[in-house]
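Have a look at the structure below before the remarks.
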Amino acid sequence: MEGGIHKAESTEFRDLLYLTSKQPFILRLAFSAGIGGLLFGYDTGVISGALLYIRDDFEEVEKSTVLQETIVSMAVAGAIVGAGAGGWMNDRFGRRPSILIADLLFLAGSMVMCFAPAPAVIIVGRVLVGLGVGMASMTSPLYISEASPARIRGALVSTNGLLITAGQFLSYLINLAFTKVRGTWRWMLGVAGVPALLQFLLMLALPESPRWLYRKDRKGEAEAIMRRVYPPDEVEAEIEALRASVDADMAQEERSLAGALRAALGSVVVRRGLTAGVLCQVAQQLVGINTVMYYSPTIVQLAGFASNSTALALSLVTSGLNAAGSVVSMFFVDRAGRRRLMLLSLAGIVACLAMLSGVFFAVDSHAPAVSPAGTALFGPNATCPDFAAAVAGAEEGWTCTQCLRAASECGFCADAADKLLPGACLAASDEARRSCRGAAGWRREWYSRGCPSSFGWLALVALGAYIVSYSPGMGSVPWLINSEVYPLRFRGICGGVAAVANWASNLLVTQTFLSLTQALGTAGTFLLFCGVSAASFLLLFLLVPETKGLQFEEVEQMLGSDDYKPWKKFEPTKP
């Protein structure tokens, strides 16, 4: 159906190959708009690596957890505004101008960050890029959906999701490529301007969405575009389906936004559907996925890998697993079922987060000791003030963990021969870091996040298993659930509420993660996420129904039934 939300089936991918070989314009259109998904994924992933080098260049960032969180999360805050503004701009000016404006925001934000002289300017650039991310996240799939032949629409929209994970994977590769280049993080953040400029130029040569043109009574232009997209034997039927769908949508939109919201919440079907949809979106974020996507290299450092380049290289594995999981989800979601796949995913997430918490507890418990004699070699001015006070008070038994948690901002300089032997606790500064790395002709490791550990590889295994558990289930199914549980006439407003809940939860997680690791410790933080994930499992079991194999009308029938129980299989009644 023209106005419906389509999911890719296996036959659609075969049709995609056939139709695009006959009509390459379709592929050009989908690829050009799909670059928005690539940019979306790239920007959400690139900051994880760039942050390591921003900390090295700006001492105020290194010493302020809140400033680090702000640099990361301001793109999410911008995305919330961008998604809201993008909805209005899509309706007012069209899909194509919205994508062009998103590209300009991407380009401007990338350049601002690339040449930023101070952390405050980086934050401004992150907000600009976030605005573009928010607009692209909703406009690119919408444009592809409305300008694609119906029978391959699901496949083309699914490729947008793949491009998001591909963009995240690409960002880790780009980060790794620039680790040895002068200006590291500036290149990492500035490269996003290249695909943004490419998409801007490509979109200039593409038409507006035929659906939007038809709504604006530019029917001749809409029909001309559809004749370029659809095979000749299908075009008339598709034009008639478009006309009927647009007429029905416009009739439903006669009421105001407030009136539409009141009408929606007055329906038990919508209330039950919205409960399920919002719960899925919030749970998707509160299980902690964006701690991994935004802070993956930092987590690797917390596990005991001090080198920035090593942390980036190991983080590449998590991004690759996330991309692979998206492909797996496309093939199994209709076989396993939405509800079952999410519950299995959450069970794996709980187990992996519990394992991560245990590993980091072991890292803290077996941290190397601090050597007073080894610390004294760097001179009294370089010694961590808290450690100096402890030594003066005859306090013994300091470890690397206590050194890194000292109130006076300290770092641990590992032993040159064996990083697990006692090392030095020094006041955190650029001079101390350089002294550590060049001490006595040895290249000693400087630890400011996590301590040297023999358990670090277990953290990487748990992190990889977490991604494998998350990506095929909680990574993609919540968006599918939200496309199926709302009546067509309320799908726009309910989808908007759920999307805002998702972005707001994302902002909460990204703005608090590093502060939580300081307040609760890394082990305690992952244990908190484990508890939230366990609670999410219970709530999803009780409140989210299975929609596998049901038509939209049958989903409405299920949600409106008197004996509705989400955990029971629904058998639709046939007329």
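Here the Cβ of each residue, glycine as well, is placed from N, Cα and C on the backbone.
As annotated by TrEMBL, transmembrane segment applies to 29-54 (among others).
Taken from TrEMBL, the feature domain 'Major facilitator superfamily (MFS) profile' covers 29-548.
Taken from TrEMBL, the feature transmembrane segment covers 66-88 (among others).
Annotation comment: TrEMBL describes 100-118 (among others) as transmembrane segment. Outside the transmembrane segment (100-118), and at least 6 residues removed from its termini, the chain residues within Cβ reach (under 8 Å) are 36, 39, 43, 58, 82, 86, 89, 124-133, 135-136, 139, 186-187, 189-193, 196-197, 199-200, 203-204.
The transmembrane segment annotation in TrEMBL covers 124-144 (among others). Listed as Cβ neighbours of the transmembrane segment (124-144) (distance under 8 Å, sequence separation of 6 or more from its ends, same chain) are residues 29-30, 33-37, 39-40, 43-44, 47, 71-72, 74-87, 89-90, 95-96, 98-99, 101-106, 108-114, 116, 153, 156-157, 160-161, 189, 192, 196, 209, 499, 503.
Residues or ranges marked as transmembrane segment in TrEMBL: 156-178 (among others).
Per TrEMBL, the feature transmembrane segment maps to 184-206 (among others).
Within the chain carrying the transmembrane segment (341-363), a Cβ under 8 angstroms from the stretch's Cβ atoms is held by residues 280, 283, 287-288, 302-304, 329, 332-333, 450-451, 453, 455-456, 458-459, 462-463, 465-466, 468-470, 472-475, 477-478, 481, 521-524, 526-527, 529-530, 533-534, 536-537, 540-541, 544, all 6 or more beyond its ends. For 341-363 (among others), the entry in TrEMBL reads transmembrane segment.
Residues annotated as transmembrane segment in TrEMBL: 455-481 (among others).
Long-range neighbours of the transmembrane segment (493-514) within the same chain, counting only residues 6 or more positions beyond its ends whose Cβ lies under 8 Å from a Cβ of the stretch, are 65, 68-70, 72-73, 76-77, 79-80, 83-84, 87, 134, 138, 257, 260-261, 264, 270, 273-274, 277-278, 280-282, 284-286, 288, 290-291, 294-295, 298, 478, 482-483, 486, 525. The transmembrane segment annotation in TrEMBL covers 493-514 (among others).
Long-range contacts of the transmembrane segment (526-544) within the same chain, counting only residues at least 6 positions beyond its ends with a Cβ under 8 Å from a Cβ of the stretch, are 275-276, 279-280, 283, 286-288, 291, 339, 342-343, 346-347, 349-350, 353-354, 356-357, 360, 481, 516, 520, 566-567. As annotated by TrEMBL, transmembrane segment applies to 526-544 (among others).
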(message) Give the nonlocal contacts of the transmembrane segment (184-206) in its own chain as ranges (CB under 8 Å, at least six residues past its ends).
(response) 28-29, 31-33, 35-36, 38-39, 42-43, 46-47, 49-54, 57, 96, 99-100, 103-104, 106-107, 109-111, 113-116, 122, 125, 129, 132, 171, 174-175, 178
(message) With Cβ-Cβ distances below 8 Å as the criterion, list the same-chain residues six or more beyond the ends of the transmembrane segment (29-54) that contact it, or say none.
(response) 61, 68, 71-72, 75, 99, 102-103, 106, 119, 122, 126, 129-130, 132-133, 136-137, 139-141, 143-144, 147-148, 156, 159-172, 174-176, 184-185, 188-189, 191-192, 195-196, 198-199, 202-203, 206, 229, 290, 293-298, 301, 308, 311-312, 315, 319
(request) Report, as numbers and ranges, every residue of the chain located at least six residues beyond the transmembrane segment (455-481) whose Cβ falls under 8 Å of a Cβ in that stretch; write 'none' if there are none. (result) 7, 161, 165, 276-277, 280-281, 283-284, 287, 289, 292, 296, 299-300, 302-305, 314, 317-318, 321-322, 324-326, 328-330, 332-333, 338, 341-349, 351-353, 355-356, 359-360, 362-363, 366, 502, 544, 547
